[in-house]
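Undergrad: Quick one: this structure, given as structure tokens, is what I'll be asking you about.
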Amino acid sequence: MSLFKFVDIGINLTDPMFRGIYRGVQKHQDDLQDVIERAIQIGVKKFMITGGSLQDSKDALQLAQTNDMFFSTVGCHPTRCDEFEKGSPDQYLAGLLSLAENNKGKVVAIGECGLDFDRLQFCPKDTQLKYFEKQFELSEQTQLPMFLHCRNSHTEFLDIMRRNRDRYVGGVVHSFDGTKEAAAALVDLGLYIGFNGCSLKTEANLEVLKSIPSEKLMIETDAPWCGVKSTHAGSKYINTSFPTKKKWENGHCLKDRNEPCHIIQILEIMSAVREEDPLELANTLYNNTIKVFFS
């Protein structure tokens, strides 16, 4: 059994890829149980399943209820905030609120919410700003911490976080790829910073990672997305590999599908870059996460 203990704070277990479905087509058998088993083998103790819309949050919760190690978040991702306006925005918000309020213990965070100005083709800036701010009603009423998303929107994101400082009880900005200054400003607001493969692409990213106090860090995979690619600056620090096939085969990872077991690779990069003992860092990351989401 692994010496390491992990909480994967961002895992998209409701993604059809873990059921063998790609773009609506069944390509291989449902292997979710194998994916979970591989993660447990390397030390994942809790999985925080990300909710990215009202329906997605319902699906995440439903899956979370099938396993004691599974938990979920409730919120609306910035690229999907136009869903608020497909019917009544107040009704949509009320749906999110009742889901979070009625399932405490399984629902551990409000999110994924925030701003994403890299993908405005999915949802315009004004809509994102309006409904990110609206979701502080959820954090305020439930007193749950936040699971946050910030892409190419640091100034506006910080403005909103500062303005609503007394309406949230903490949280994490996941999949962080911002600057040292951005990280420091978020830490000043009492927030934690989550790292995954997308956070470790460039040498500049690695410099940012070095600058953040370990007691403000968390770890995640964002699987099936955000795997570490061989072109990423962080990849040279990976020691652990998994039997992987280009075409699906039982008992193997699949080449272009990230999995929660790969969290060990994120730890290896983080500990090497920061020159910290992997076990010590893993324990710090685990304790940070328990403190924010599970105590």
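Including glycine, each Cβ sits where the backbone N, Cα and C put it.
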Undergrad: Looking at Swiss-Prot, which one out of HIS149, HIS154 binds divalent metal cation 2 in the same site as GLU112, HIS174?
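TA: So the divalent metal cation 2 site in Swiss-Prot includes GLU112, HIS174 plus, from the candidates HIS149, HIS154, HIS149.
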Undergrad: Have a look at LYS46, LYS104, LYS134, LYS229 and find the one that Swiss-Prot tags as N6-succinyllysine.
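TA: Matching LYS46, LYS104, LYS134, LYS229 against Swiss-Prot annotations yields LYS46.
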Undergrad: Labelled N6-succinyllysine in Swiss-Prot - which residue from LYS27, LYS106, LYS236 would that be?
TA: LYS27
Undergrad: Quick check: with GLU112, HIS149, HIS174 left out, which same-chain residues have Cβ atoms within 8 Å of the centroid of the divalent metal cation 2 site Cβ atoms?
TA: GLY10, THR50, HIS77, GLY111, CYS113, GLY114, PHE147, LEU148, CYS150, VAL173, SER175, GLY194
Undergrad: Using Cβ atoms only, which residues of the same chain lie under 8 Å from LYS27 (N6-succinyllysine) while being at least 6 residues apart in sequence?
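TA: Within the chain, LYS27 (N6-succinyllysine) has Cβ neighbours under 8 Å at GLY20, ILE21, TRP248.
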Undergrad: Starting from the Cβ of LYS46 (N6-succinyllysine), draw a 10 Å sphere and report how many other Cβ atoms land inside it.
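TA: Taking every protein chain into account, the count is 20.
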Undergrad: Per residue, counting other C-beta atoms within 10 angstroms of the C-beta, which of the binding-site residues HIS149, HIS174 reaches the highest number?
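TA: The most densely surrounded of these binding-site residues is HIS174.
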Undergrad: Looking only at C-alpha atoms, tell me how far GLU112 (divalent metal cation 1 binding site) is from LYS46 (N6-succinyllysine), rounded to the nearest Å.
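TA: Here the two Cα atoms lie 18 Å apart.
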